[in-house]
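To keep things clear, I will list the structure first and then write my remarks on it.
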Amino acid sequence: MTLVIADLLKDWPCTWLHGSFNEFISGVKENSREVQAGDVFVVIKGKNVNGATFIKEAIERGAVCIIAEDRKYEEMCGEVAFGIVPNTRTFLSHACSRIYGEPSKNLHVIGVTGTNGKTTVSHLIGQILSLLGFQTAVIGTLGLFVNGIRVEENVPSLTSWSAPHLHQTFARLIKMNITHVIIEASSMGLAQHRLDHCSIDQGVFLNLGHDHLEDHEGIEAYKKAKSKLMDLTQKLVVNEDDSFWLEKGKQSKKELKWFGEKYVQLEEIKPLSMNVKVFDEGSSNGHSVEVGFTGVYNISNIAAAIGTVRQMGIPMSSIVPILPNIYLPQGRFQFILKKPFQVVIDYAHTPEALEHLLSSAAAITEGRLLVVFGCGGNRDQAKRSVMGEIASKYADRVWVTSDNPRSEDPLKICQQIVENLPETSRIHIEIDRAAAIEQALLHCMPGDLLCIAGKGHESTQHIGNQILPFSDEQTVLEKLSTLPVTWNYEK
């Protein structure tokens, strides 16, 4: 649709300082490198970078209008149209929705939030809906998936995409005849208004744990950010097993569907699958089914996905037969090797997620449990020693290593992880992650299970100012081919 600048400013508080607001516009951008001729450039002041620094670049690339929060940038704009708004982040979301014709209103949008499990639950919901015949897309940490297939394109690395990318993708999905979209709603995405002006039909609330506190300056701000999804969505799907969301759900007056582990009960856990019994709300008659993945913590994830689909009015009798066909997304309890010993990679990078992973791994291993993990640099330091204690609690041997150390000293991070642990020969520090993985593989014997935690699907390692190629999966496969001991591997 063809719009002029004035169309973005209708019903929006704005002080217009100079230039014509009848210029035709082609897009709205916050990243100057993405600006094209005819775009509006919205100045976002971030934690480390001020978008005003890039006004000149945006104009050189063809921006026809600059929107900021402070009139002091007026001179930088020259003859280009310039206006100020109270909050450029909320304006950005509003403008992006409007320029693409408010596409989310023509989709059934499901937002999933929680400290742990967002990616898994988003993909499980997407798989169930696709198997039921709905044209479905999933947007989040792993990129863009359409009916279970990843769309091969450059996608944002953020869990919750920026408003320009999100609304542009919504519009594109409508052209592809997609009807249902599941999006991951991170605390930062919510706090930074990326999901404002997105019409969300269902909000799914999984859990609240220990993560991103360095970004939110404390637990209360983190809770507030997560809770914002309740204001943005029409209906709620809430975990009654999580005390925080249980209380929030009870306080809400919106239509609500509870989920929890009483609705999906474990009957038998196996190394590669689980037998579960699924119950409908208010019914004592369960349906037994085998799902093709393991991990006790995934019981709650399955319950969340089923609860979301049930709230849409789809009967349990339609859902149960397709549950054997659902699977975990990449990097989530992903088996790289099954015999003679097992190797699993997982994205677990919070205390709760690591505990869930290792307790589930301990339940299925016949031999020893070995663990390789680290903690991210420039991130919440309080969780480091906690995660070290969790790893020591479950594992027979632990290799503490680098996991995106960024600008911090990787050795110092590792030392903080083990600071509360007694010196023992079963705890190793090796800051080279590839070397740590190789050492752990050399210690593996038939029947053992090696968990490599923290990075999961990631394909890079952030060290200093460099982002280097690195994949846990590829590293395992490369090291297996060079081990001095020859095994008959089954992948």
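Cβ atoms here come from the backbone N, Cα and C positions, even for glycine.
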Task: Listed co-binder of meso-2,6-diaminopimelate (same site as ASP403, ASN404, PRO405, ARG406, GLY454, GLU458, source TrEMBL) among ARG379, ARG397, ARG426 - done: ARG379
- [ ] Give the three-state DSSP assignment (helix, strand or coil) for ARG379 (meso-2,6-diaminopimelate binding site).
- [x] coil
- [ ] Quick one: give me the count of other CB atoms within 10 A of the CB of LYS118 (ATP binding site).
- [x] 25
- [ ] Report the residues of the chain - excluding GLY114, THR115, ASN116, GLY117, LYS118, THR119, THR120 - with C-beta within 8 Å of the mean position of the site's C-beta atoms, for the recorded ATP site, in sequence order.
- [x] VAL112, VAL121, LEU206, ASN207, ASN301, ALA353
Task: Segment confidence, the motif 'Meso-diaminopimelate recognition motif' (403-406), expressed as mean pLDDT - done: 98
TODO: Please report how many Å separate the Cα atom of THR119 (ATP binding site) from that of ARG379 (meso-2,6-diaminopimelate binding site), as a whole number.
DONE: 20
- [ ] By CA-CA distance, flag whichever of ASP403, PRO405, GLY454 among the binding-site residues is nearest to GLY114 (ATP binding site).
- [x] GLY454
Open item on the list: Neighbour count first, Cβ atoms within 10 Å, every protein chain included; then name which of ASP403, GLU458 tops the list of binding-site residues.
Closed with: ASP403
Open item on the list: So if I draw a 10 Å sphere around the Cβ of GLY117 (ATP binding site), how many other Cβ atoms end up inside it?
Closed with: 24
